[in-house]
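Enquirer: Below is the structure I would like to discuss, written out as structure tokens.
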Amino acid sequence: MATALVSAHSLAPLNLKKEGLRVVREDHYSTWEQGFKLQGNSKGLGQEPLCKQFRQLRYEETTGPREALSRLRELCQQWLQPETHTKEQILELLVLEQFLIILPKELQARVQEHHPESREDVVVVLEDLQLDLGETGQQDPDQPKKQKILVEEMAPLKGVQEQQVRHECEVTKPEKEKGEETRIENGKLIVVTDSCGRVESSGKISEPMEAHNEGSNLERHQAKPKEKIEYKCSEREQRFIQHLDLIEHASTHTGKKLCESDVCQSSSLTGHKKVLSREKGHQCHECGKAFQRSSHLVRHQKIHLGEKPYQCNECGKVFSQNAGLLEHLRIHTGEKPYLCIHCGKNFRRSSHLNRHQRIHSQEEPCECKECGKTFSQALLLTHHQRIHSHSKSHQCNECGKAFSLTSDLIRHHRIHTGEKPFKCNICQKAFRLNSHLAQHVRIHNEEKPYQCSECGEAFRQRSGLFQHQRYHHKDKLA
């Protein structure tokens, strides 16, 4: 069966004329301006100019059918790049583009502000918007799909029709619930109705609404304030818009804390209150962990299913979540976005920064009972204690060498495989260990962080400083 592909931009606007009133339905299929990135690739696949050229090519611009098909194929290849991207990546882009097209325009703008990079990011942004809207008032999920109609020519109404329109303009709440809205934009009257173009009032369906030249009723209707739900304190006459604000206020009378978390006493109270106001209603049946959003539960369940759709283009490693891939890519790029405000040291992960900051916060360290060595984290102490227990449960299948840590075994495997995943962005030289890359980058940056306390001479590596001190300051060190 042949399928006819019709560009949305070629559809003529729908014109309806009745007694001097012309209604034009706005074209919903607007071009999505923000390009999207495929997982594991830093180059944007959905480049808007290429997509736009492909969508807007006209048959009249070519000499015939053969050239038209050839041109379409060429533009499609330039846009989707099938020689460098998988079928799943191309499918992801097309699904994303169509999904963003069918979104209401106001949601398109809100999503575009967050620059999402995947389908999961779009879902999370939209669910966050739904939760934010839910705090001010629940929306009716069965509300009919709206379409915007532009009233360009208006004829005066007479007699009973004029009174009926005036009566409907004064009724605010029923029309709002049924999906009708009237406003003025750029000097033109805009009427938003349900999908059939009819205005519902007092439970009755009337004929398509015709505008009149008396704007006073419309202005009086728009001037009515929107009803707000207020929460009143039983002890005092104070009123609150948010229910959580009332609960927090009530704690001042009872003396009971809003929650036992220390965050309630910190500067991040606003964000923490949002967490308290949202129940974790989505629970994983495998491990019992609960989540606030269904998208977070779906993302978590990939761990149990073993699904790993996100692959690194540099080394081929796969991940179950996009966040894991982005964090892994920092190994190849050398990016360390988390900065310690106390000493200026940078870290690749936020958990590494938190662990490091315990040194500055003077928290009680974890001490090894065997040798007295202290650690800022209990996990590091556990790893250290394997030295004393001589437990080396991780064995190399190639040479039989055993290691106490999995990370040591992974690093050792690179000797057999010849893998060098850490590449310099400046000269493209690759290294087996991240520490070797860090030392190499100092050559390009002319960085010498190790300084002699005696003479002030600086070195790129700690070993160079030790050699210098042994040779020039041997007497003072002794």
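Keep in mind that glycine also has a Cβ here, set from the backbone N, Cα and C atoms.
Annotated SUMO2 cross-link per Swiss-Prot: K17, in sequence order, evidence recorded as a large-scale study or a structure entry. Per Swiss-Prot, domain 'SCAN box' is recorded for 51-133. Residues annotated as region 'Disordered' in Swiss-Prot: 159-181, 200-226. According to Swiss-Prot, the compositional bias 'Basic and acidic residues' annotation covers 164-181, 207-226. Residues annotated as zinc finger in Swiss-Prot: 231-253, 282-304, 310-332, 338-360, 366-388, 394-416, 422-444, 450-472.
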Enquirer: Averaged over the whole of the zinc finger (282-304), what is the pLDDT?
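Expert: Its mean pLDDT is 81.
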Enquirer: Work out, from DSSP, the number of helix, strand and coil residues along the zinc finger (282-304).
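Expert: Reading the DSSP string over the zinc finger (282-304) gives 11 helix, 4 strand, 8 coil.
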Enquirer: Would you mind listing the long-range same-chain contacts of the zinc finger (394-416), meaning Cβ under 8 Å and 6+ residues beyond its ends?
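Expert: Here the qualifying positions are 383, 386-387, 432-433.
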Enquirer: What counts of helix, strand and coil residues does DSSP assign across the domain 'SCAN box' (51-133)?
Expert: 65 helix, 0 strand, 18 coil
Enquirer: Same chain, outside the zinc finger (422-444) by at least 6, Cβ under 8 Å from its Cβ: which residues?
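Expert: Hits for the zinc finger (422-444): 314, 331-334, 411, 414-415, 460-461.
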Enquirer: Quickly jot the same-chain residues contacting the zinc finger (450-472) by Cβ under 8 Å, restricted to those at least six beyond its ends, or write none.
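Expert: Distant Cβ neighbours of the zinc finger (450-472) are 439, 442-443.
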Enquirer: Tally of helix, strand and coil residues over the zinc finger (366-388) according to DSSP?
Expert: 11 helix, 4 strand, 8 coil
